[in-house]
Amino acid sequence: MLQFKLVLLGDSSVGKSSIVHRFVKDTFDELRESTIGAAFLSQSITIHPNDGNETKDVVIKFEIWDTAGQERYKSLAPMYYRNANAALVVYDITQEDSLQKARNWVDELKNKVGDDDLVIYLLGNKVDLCQETPSTETSPDSNEGGDEEQKVRAISTEEAKQYAQEQGLLFREVSAKTGEGVKEIFQDIGEKLYDLKKDEILSKQNRQIGGGNNGQVDINLQRPSTNDPTSCCS
């Protein structure tokens, strides 16, 4: 089993916690309270990499740090992303300034961590809430039977996708509420990390097997970090 550290970043109310809980517990809570500081969860997936002519199952365990988005907690974020293998940077597609705030997080990651072997995934959340363009006519009965007000998309898919391509980021739009695209996020990350770390994985596997470990091989691939303040609890 391979172990990777993953961190979620983004401003308050973009849906970071909802994405994590949809992935880990397959639940959604409309009234979820804001995260204080950070929350830790873990979940495993199976990927099917093709090494040469052989396809095999590989189990990946994600150690997930869900950080608070409020401004007063922003200074704590480096404690959690410093030695992460992957970062999910989340924005709200219905809020006009949300993508710019996500860009700021990406800039911070690249400046303070670097992106040589850090997988950064840009996520546009809340696709379930919006109509693609403003409606020219509104019927008084148009929301009859509906529980949720529809919103106008404020950030186009094309704008966010182009930015992600320019920055070398993975990109996807998702809905934590319906689950659309959420599982695919973590499959994408698992496959990308396996490809990036393949040589290191094989080397560590061979050393463990050569040392007499013929059972399950557990490999922690968390990025090294000096004076890491989270080392006592991660």
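Cβ atoms are placed via backbone N, Cα and C, with glycine included.
According to Swiss-Prot, the GTP binding site annotation covers 10-17, 66-70, 111-114, on the basis of similarity to another entry. Lys16 (GTP binding site) falls within a helical segment according to DSSP.
Secondary structure at Lys151 (ubiquitin cross-link), taken from DSSP and collapsed to helix, strand or coil, is strand. Here Swiss-Prot flags Lys151 as ubiquitin cross-link.
The S-geranylgeranyl cysteine annotation in Swiss-Prot covers Cys232 (among others).
What Swiss-Prot lists as S-geranylgeranyl cysteine is Cys233 (among others).
The feature phosphoserine is assigned by Swiss-Prot to Ser139 (among others).
Feature annotation from Swiss-Prot assigns phosphoserine to Ser142 (among others); the stated evidence is a large-scale study or a structure entry.
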Lowest local Cβ density among Ser13, Thr67, which the record lists as binding-site residues, within 10 Å: Ser13
Among Lys16, Lys151 [recorded positions], residue with fewest other Cβ within 10 Å: Lys151
Number of Cβ atoms other than its own within 10 Å, given for Gly10 (GTP binding site): 25
Inter-residue Cα distance where the pair is Val113 (GTP binding site) and Lys151 (ubiquitin cross-link), in Å: 36
